[in-house]
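Q: I have a structure here, written as structure tokens, and I will follow up with some questions on it.
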Amino acid sequence: MARGKAKEEGSWKKFIWNSEKKEFLGRTGGSWFKILLFYVIFYGCLAGIFIGTIQVMLLTISEFKPTYQDRVAPPGLTQIPQIQKTEIAFRPNDPKSYMTYVDNIDNFLKKYRDSAQKDDMIFEDCGNVPSELKDRGEFNNEQGERKVCRFKLEWLGNCSGINDETYGYKEGKPCVIIKLNRVLGFKPKPPKNESLETYPVMKYNPYVLPVQCTGKRDEDKEKVGSIEYFGLGGYPGFPLQYYPYYGKLLQPKYLQPLLAVQFTNLTMDTEIRIECKAYGENIGYSEKDRFQGRFDVKIEVKS
């Protein structure tokens, strides 16, 4: 039995290294070299085919604009202050209750201050009244970076933070800043004038994508009170000259046009649900995405 075990152990060692035939694991050095060379060439060819395929694919893709955008959803509508539960609740006589909202608006508006828009190589004045879409050429690097339209804080009126650093929260008249999310190459199409007849107090301009805020439910509409809008030229919406957006590579300092909404007479001690919607021929809404073209926020001013 001991001899059989020794014989088995010897054959195992011989398989690993056969000193007579100079074989390692049953193969000579030349055999190992040939098989390793085969696999190096084989996997090298596979890698070359893969890299070549990727390179060909990359040649068809622009780094400045997606090749296909037919399934890109319309832009979403967002409010500032940005809050997790879309609820704004505060007491006008308690600064601690609303300073989070004020700081949030402050931080967002920093890039809209005059001091941040001084460079004439980057920014340009696009007028104080709404105008047509601003075509800045093809989506490529032939013309270098594109200029960006300035947006003045003073256009936001009572909600600019210039005269009231609390944006109305100290007086129980909260401001909400509204922006349309960036979508590369998106060109807003304002609705026809006749299509807005069902929406009261909507100031029409063919070069403005209008926005309106109302109570979400019937009981909310009675409690919202008066609403003031502050935007470029006094229009409640987004002027077209700020579009289209050319992306971070061509417009790294791009500023979205803003609309400020101030609720000046909210019913106290009542949670009011408010919905704001943008209106346009290419603005859509989705039940699955409550921020697509609209948003709703709950506001409660406590005594």
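Quick reminder: no glycine exception, Cβ is built from N, Cα and C everywhere.
The topological domain 'Cytoplasmic' feature in Swiss-Prot is assigned to 1-34. Sequence annotations record features per position, and here Swiss-Prot assigns phosphoserine to S11. Residues or ranges marked as transmembrane segment by Swiss-Prot on the basis of sequence analysis: 35-62. Annotated disulfide bond per Swiss-Prot: C126-C149, C159-C175, C213-C276, in sequence order, evidence recorded as similarity to another entry. The N-linked glycosylation site feature in Swiss-Prot is assigned to N158, N193, N265; the stated evidence is similarity to another entry. Summarising the annotation, Swiss-Prot assigns region 'immunoglobulin-like' to 191-303.
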Q: Rank the disulfide-bonded residues C126, C149, C159, C213, C276 by the number of other Cβ atoms within 10 Å of each Cβ and report the first-ranked residue.
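A: Highest number of other Cβ atoms within 10 Å: C159.
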Q: Would you count the other CB atoms within 10 A of the CB of C175 (disulfide bond), including those on all shown protein chains?
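A: So the Cβ neighbour count for C175 (disulfide bond) comes to 27.
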Q: If we count other C-beta atoms within 10 Å, could you say which of the glycosylation sites N158, N265 has the fewest?
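A: Ranked by other Cβ atoms within 10 Å, the glycosylation sites N158, N265 bottom out at N265.
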Q: Going by Cα-Cα distance, pick out whichever of the recorded positions C126, N158, C159 is nearest to C276 (disulfide bond).
A: C159
Q: Reduced to three states, what secondary structure does DSSP give C213 (disulfide bond)?
A: strand
Q: How big is the gap, in Å, between the Cα of C159 (disulfide bond) and that of N265 (N-linked glycosylation site), rounded to a whole number?
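A: It is 15 Å, counting Cα to Cα.
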Q: Under DSSP, is N158 (N-linked glycosylation site) part of a helix or a strand, or is it coil?
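A: Note: N158 (N-linked glycosylation site) is helical by DSSP.
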Q: For N265 (N-linked glycosylation site) and C126 (disulfide bond), determine the Cα separation and express it in whole Å.
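A: Per the Cα atoms, N265 (N-linked glycosylation site) and C126 (disulfide bond) stand 34 Å apart.
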